[in-house]
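Enquirer: Among the features that TrEMBL reports, domain 'Calcium-transporting P-type ATPase N-terminal autoinhibitory' is placed at 5-50. Marked as domain 'Cation-transporting P-type ATPase N-terminal' by TrEMBL: 118-186. Among the features that TrEMBL reports, domain 'P-type ATPase A' is placed at 237-335. The transmembrane segment feature in TrEMBL is assigned to 174-193, 199-219, 356-376, 400-427.
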Amino acid sequence: MENYLNENFGDVKGKNSSEEALQRWRNLCWLVKNRKRRFRFTANLSKRFEAEAIRRSNQEKLRVAVLVSKAALQFIHCLNLSSDYVVPKEVEEAGFQICADELGSIVEGHDVKKLKIHGEVEGIAEKLSTSINDGISTSEDLLNVRKGIYGINKFNESPPRGFLVFVWEALQDMTLMILGVCALVSLIVGIAMEGWPKGAHDGLGIVASILLVVFVTATSDYKQSLQFKDLDREKKKITVQVTRNAVRQKISIYDLLPGDIVHLFIGDQVPADGLFVSGFSVLINESSLTGESEPVNVNAVNPFLLSGTKVQDGSCKMLVTTVGMRTQWGKLMATLSEGGDDETPLQVKLNGVATIIGKIGLFFAVVTFAVLVQGLCNRKLREGTHWIWSGDDAREMLEYFAIAVTIVVVAVPEGLPLAVTLSLAFAMKKMMNDKALVRNLAACETMGSSTTICSDKTGTLTTNHMTVVKACVSGETREVGSSESTSSFGSAIPEIAKSILLESIFKNTGGEVVVNEEKKVQILGTPTETALLEFGLLLGGDSHQKREKSKVVKVEPFNSTKKRMGVVIELPDGGLRAHCKGASEIVLAACDKFIDSNGVVAPLDEASTNHLKDTIERFASESLRTLCLAYLELGNEYSDESPIPSEGYTCIGIVGIKDPVRPGVKESVAICRSAGIVVRMVTGDNLTTAKAIARECGILTDDGIAIEGPEFREKSEEELQELIPKIQVMARSSPLDKHTLVRHLRTTFQEVVAVTGDGTNDAPALHEADIGLAMGIAGTEVCFTKSVSHIGLCRTSSFVFFFIKALFMHRIIKEIACKII
Ligand SMILES: Nc1ncnc2c1ncn2[C@@H]1O[C@H](COP(=O)(O)OP(=O)(O)OP(=O)(O)O)[C@@H](O)[C@H]1O
Ligand SMILES: [Ca+2]
């Protein structure tokens with residue numbers, strides 16, 4: 001049996017099974033009494049093919065649109081553009097100058113000509129009655145008017161199915177139907193022979209048991225469907241940052257409306273169709289919408305952003321133009337919303353077991369029927385009545401038939417695969433109560449069998465609550481953090497150094513200091529950015545003043561591959577200046593000058609380089625995350641077309657950011673160890689910092705290896721064979737290094753790999769892993785300990801639930817058997 005199962009049902013993987021494998025195993029289950037039930041909550045393959053076709057047509061449409069827009073761009077300057085667009089009356093009355101269809105055709109069709117006619121992005125914003133800087137007004141009435149005209153950002157889901165639909169589905173069971181026919185015949189024959197009510201007993205008994213089975217099945221199915229709806233709703237709770245009423249805030253993507261100004265960052269999914277307003281180095285991955293993997297640049301020339309696509313690099317502000325079902329993504333999601341998850345290997349195997357048992361059951365049912373009929377025939381032969389068949393004989397035959405069918409009902413464990421689905425859903429619900437959202441049912445199962453965990457450091461092992469606790473500027477190294485220590489640090493360093501440090505902090509940032517609706521100062525941005533801005537505020541910097549004084553000309557946002565970010569600013573009294581900040585040893589290597597203790601820019605000689613390197617090492621060995629800040633005077637020779645220079649910087653200083661280890665991580669790592677699971681740390685941070693934290697968590701042991709990404713990249717295949725099993729820490733790794741490690745562990749070493757990460761720099765590795773534990777925005781809540789302890793929970797809960805279910809089924813089956821036989 002083991003061999004048979006492995007051969008026929010073994011090629012379905014926990015993740016990314018081929019469509020052929022999925023189709024094949026379903027075909028193998030030909031002996032399924034109620035297909036609809038058995039395959040409920042599993043992938044709807046035909047819907048998937050439909051979605052794939054939509055993707056292909058999207059790709060073709062986009063390709064044509066891009067070609068047309070390119071051609072239009074060439075002619076546009078010579079044309080006298082005029083519009084025959086008439087604003088529909090109801091739109092005009094509501095206070096807008098453009099309708100939803102026109103907006104849709106501009107963005108989806110990449111129609112630069114129409115965009116130009118409507119006055120580019122600013123023109124469209126005006127017609128949508130919004131402001132690019134302040135966003136839409138939040139008055140309830142106005143929002144409702146907007147909703148009325150442009151719709152909401154939700155796609156049509158199939159209406160929830162009522163209880164009766166489940167009753168109908170439960171009735172479509174072949175064996176129950178046969179039993180129904182038996183009951184009918186038994187009633188007719190019984191009443192004809194023995195009269196009412198005596199002759200109806202048998203028939204009514206069968207009817208009652210059928211009703212019981214149908215009722216119990218439908219009730220439990222209905223309950224699950226409600227539970228699945230709950231899970232689904234939870235999965236879709238995604239928020240984005242928008243500016244409304246001049247206040248930056250987070251809102252649910254469902255509340256987005258045309259006219260909203262959305263702030264997008266690397267890793268975000270574009271939540272609606274829209275136009276690029278401002279931003280830098282934006283690369284968009286459209287593969288989820290079109291299947292095309294080559295990312296496209298989005299900028300002022302190609303400003304079209306389509307919902308469902310992902311920001312692969314950079315950050316930008318976008319004006320929402322089209323929402324919900326009017327977008328291609330809405331249509332795609334509406335198609336896919338009915339398809340369930342892929343089956344898990346355990347489910348497929350259990351389906352195999354159910355099928356084998358079904359076949360055996362069927363065989364015995366036929367044999368039993370044949371034996372019983374033969375008994376009857378023999379008796380009649382003996383009695384010499386074999387030519388005379390009475391109603392009683394017919395009833396007896398019917399009874400035999402019912403017994404045979406009952407054997408099939410009892411023997412075929414239809415509920416077995418479904419029980420797994422249920423128990424996994426149950427585990428999912430349990431985990432959700434602990435704020436861990438399981439997107440894919442199969443994950444609960446895979447989690448139970450993982451052998452290696454590759455964890456990132458920041459935000460997973462550590463709390464992600466960062467504060468600058470040490471700083472070294474102009475040779476002055478001090479503890480900072482509290483307002484007194486920071487201000488005394490501020491007064492100890494030369495004025496010129498302090499001023500340039502503040503400029504760097506407030507200009508060269510992906511975060512923002514805002515005043516929220518309650519008039520409180522709030523810092524938005526990644527934890528690293530927030531920590532720096534907080535330090536800047538403590539130093540006495542006023543972010544707005546600093547921002548107003550000079551204009552930002554170019555930004556190269558932070559990404560994990562470069563590990564640095566840079567801006568170019570225009571100084572109030574002319575000239576340009578570049579600021580750069582990032583991984584300390586990388587930025588320091590780009591410096592050849594520094595600001596000395598007198599506030600004078602001096603060349604970086606060996607002694608001062610060593611001093612700075614020592615400082616970095618010292619900070620890092622105290623588990624601090626180090627960042628180096630630097631600047632470069634550009635004069636007037638720089639054009640914003642060219643990249644920001646990567647060398648010749650003047651080092652301003654080094655900051656050490658504390659990010660404490662999460663409580664309970666050490667114990668969790670120990671639990672994993674004792675369960676035979678190897679935990680490795682794969683981080684983008686400095687080697688010394690990573691090692692210090694790994695020791696603290698119990699990940700790095702004396703015989704383990706800690707290696708840096710760039711060194712790992714250079715190794716040959718043979719060397720990797722030797723090295724990989726011993727790697728416990730990989731530092732300064734790029735997203736691709738993480739991916740390579742996971743791929744090797746999975747393929748060469750046949751490990752079941754779980755990866756935890758924050759979803760942006762870890763995305764490729766999360767994708768490659770057997771199971772990805774993404775610490776999302778709520779990452780601070782979903783802590784490492786919980787995910788790990790749930791491995792145990794999944795196992796126990798599924799078994800407990802399975803047994804209860806089995807017991808329950810057993811009782812029902814017994815009851816039916818008693819009634820019928
Ligand atoms: N916003 C930022 N601007 C400039 N440099 C940054 C910024 N954020 C992080 N860094 C620097 O880049 C380094 C690596 O960051 P990266 O995103 O690759 O890893 P991480 O996500 O911080 O770590 P992990 O992989 O453990 O989650 C950090 O050590 C820090 O020095
Ligand atoms: Ca990370």
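Cβ coordinates come from backbone N, Cα and C, glycine included.
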Enquirer: Could you count the residues of the domain 'P-type ATPase A' (237-335) that DSSP puts in helix, in strand and in coil?
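Expert: Secondary-structure composition of the domain 'P-type ATPase A' (237-335): 18 helix, 48 strand, 33 coil.
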Enquirer: Should anything in the same chain at least six residues away from the transmembrane segment (174-193) have a Cβ under 8 Å from its Cβ atoms, list it; otherwise answer none.
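Expert: Distant contacts of the transmembrane segment (174-193): 33-34, 199-204, 206-207, 209-210, 213-214, 391-392, 394-395, 398-399, 401-402, 405-406, 408-409, 412, 820.
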Enquirer: Would you mind splitting the domain 'Cation-transporting P-type ATPase N-terminal' (118-186) into helix, strand and coil residue counts from DSSP?
Expert: 41 helix, 2 strand, 26 coil
Enquirer: Within the domain 'Calcium-transporting P-type ATPase N-terminal autoinhibitory' (5-50), what mean pLDDT does the predicted structure show?
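Expert: For the domain 'Calcium-transporting P-type ATPase N-terminal autoinhibitory' (5-50), the model's average pLDDT rounds to 70.
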